[in-house]
Amino acid sequence: MGSTGKSSPSIGAEGDDSLYPIAVLIDELRNEDVQLRLNSIKKLSTIALALGVERTRTELLPFLTDTIYDEDEVLLALAEQLGSFTVLVGGPEFVHNLLPPLESLATVEETVVRDKAVESLRKISQEHSPVDLEVHFVPLVKRLASGDWFTSRTSACGLFSVCYPRVSSTVKAEIRQHFRTLCSDDTPMVRRAAASKLGEFAKVLELDYVKSDIIPLFTALASDEQDSVRLLAVEAGVSIATLLPQEDLEALVMPTLRQAAEDKSWRVRYMVADKFSELQKAVGPEITKTDLVPAFQNLLKDCEAEVRAAAANKVKVFCENLPEDSRETIIMTHILPCVKCPEVRLNIISNLDCVNEVIGIRQLSQSLLPAIVELAEDAKWRVRLAIIEYMPLLAGQLGVEFFDEKLNSLCMAWLIDHVFAIREAATCNLMKLVEKFGAEWAQNTIVPKVLGMANDSNYLHRMTTLFCINALSGVCGQEITTKHMLPVVLKMSTDQVANVRFNVARCLQKIGPVLDSSALQAEVKPVLEKLATDQDMDVKYFALEAISVLALA
């Protein structure tokens, strides 16, 4: 904001204390140090209090309006301060005095400053009387809306909805006309701003004008040449759909939204997917069945991974909100067959408890099991990892018999995966499964297989046995650990590979607290003492650490 050469607030004779604050403010605002200038703006309310309401109106505000051209952070602080300045200028009766500085701030180049100025203008608009709105606020909005710079026109877009409800019908007509003009502005940034406020503006309009004014604007913006405008129109479309009676939706909104769901730009399709739950609520069950189900299917099968993932995130809510009479049919015939893509399958599996409630576990297991098996062996290790993380949830939903029959072997196969992160997650998964199914199940099903790996020729697999024992000893309890696991760990202390031997020492330290003291003294102590004299430095180190932690010295 450039200086217009107005004089700064008058500073009278020296020693006039009442003028002191403004003098200091002027000095600080002219100081070269940006931090000082920022601090003085942040103290603005204190200065205004010291000056009193009249001098704040007649001296401080004109000074701020005319002389500030500064760093963005100073302007941002000023725009924010002015939003809560009503009391300091004398209350609602004088609130229009705050408009000139905020109008200037709403036209600057930096977006965050403009946005903050608009936010403050929206806030103080509520404090204007209907008369003041028409006399002071609406003219400001019109000036911004027809400004030469796109910056002022974008700011205007955010101000229509706050003044519209409280002005006369003549002024309302002018406001609607200005908004229409901005929706077809030459500058994409302005059309974008208008599209982003279209839904909000529609909410304050009378229903007839929503149909006559907003719908044509929505249709035009949704087929704008810029995809950044089209995707914002989608968001507005969802808001508009909530305002219209059911019988108008199909004709006025759905053709445009159907077109958006097939837009050539993936960003627009992404926005449709992202807003799908809101859209479903807005249009109701019938349109959901006829229009949204096919659109949702296409989004789940979209060629862009981001769109598929956004749609996949909506599977659970979409299924929950389907009309009950046709829910199961739609899910089984339209949604589940789309689970070809990993993102979609993973999402259904991660929401299994909810999907299960909707369609029942038997059908689910038949349609999902092949998908689970395929994902469990997916070439991308991150996909395998995601499936492992859902395994305890799956186990809880499917029950122990089904789990043992279909999924147990998968869980064991992951223990010898070539990626360490998978082996590590698989170990943690076993512990969670034992927490679900109990120690007896572990002893019969898991423990024998884990201990069998101690004789594997690959030392990495032998180490996995130790990692599993670390994880399982606590949940399996003293008896299984002492009787079945401990002998295997002790036997592995003579392994040829040093990495295995030092992991034996670490494992004994970990399971020590589960064992009783006689086993510790009679069996663990001699083995750790032997390892403490090992030629390998690491083995020695971990053995001594275990002896110390378990207080066996």
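We count from 1, first residue shown onward.
Glycine is treated like the rest: Cβ placed from N, Cα and C.
Annotation comment: TrEMBL describes 21-59 (among others) as repeat 'HEAT'.
Note on the repeat 'HEAT' (98-136): residues 1, 61-62, 64-65, 68, 72, 75-76, 78-80, 82-86, 89, 92, 143-144, 147, 149, 151-152, 154-155, 158-159, 162-163, 166-168, 171 of its chain, located 6 or more positions outside it, place their CB under 8 angstroms from a CB of the stretch. What TrEMBL lists as repeat 'HEAT' is 98-136 (among others).
Under the heading repeat 'HEAT', TrEMBL lists 175-213 (among others). Long-range contacts of the repeat 'HEAT' (175-213) within its own chain (CB-CB distance under 8 A, at least 6 residues past either end) are made by residues 138, 141-142, 145-146, 150, 153-158, 160-161, 163-165, 167, 220-221, 224, 226, 228-229, 232-233, 235-240, 243-244, 248, 252.
Sequence-distant contacts of the repeat 'HEAT' (214-252), counting only residues of its own chain at least 6 positions beyond either end whose CB sits under 8 Å from a CB of the stretch, comprise 179-180, 183-184, 188, 191-192, 194-196, 198-203, 205, 207, 259-260, 263, 265, 267-268, 270-272, 275, 278-279, 281-284, 286-287, 291. Positions annotated as repeat 'HEAT' by TrEMBL: 214-252 (among others).
Look at TrEMBL and you will find 253-291 (among others) tagged as repeat 'HEAT'. Residues 215, 218-219, 222-223, 227-228, 230-231, 233-235, 237-238, 240-242, 244, 246, 298-299, 302-304, 306-307, 310-311, 314, 317-318, 321-323, 326, 330 of the same chain lie 6+ residues outside the repeat 'HEAT' (253-291) yet bring a C-beta within less than 8 angstroms of a C-beta in it.
Summarised by DSSP class, the composition of the repeat 'HEAT' (292-329) is 29 helix, 0 strand, 9 coil. What TrEMBL records for 292-329 (among others) is repeat 'HEAT'.
According to TrEMBL, the feature repeat 'HEAT' maps to 368-406 (among others). Counting residues of the repeat 'HEAT' (368-406) by DSSP class, helix then strand then coil, yields 34 helix, 0 strand, 5 coil.
As annotated by TrEMBL, repeat 'HEAT' applies to 485-523 (among others). Each residue of the repeat 'HEAT' (485-523) gets a DSSP state, and the totals for helix, strand and coil are 34 helix, 0 strand, 5 coil.
Annotation source TrEMBL lists repeat 'HEAT' at 524-553 (among others). Counted with DSSP, the repeat 'HEAT' (524-553) comes out as 21 helix, 0 strand, 9 coil.
Helix, strand and coil counts from DSSP across the repeat 'HEAT' (98-136) read 30 helix, 0 strand, 9 coil.
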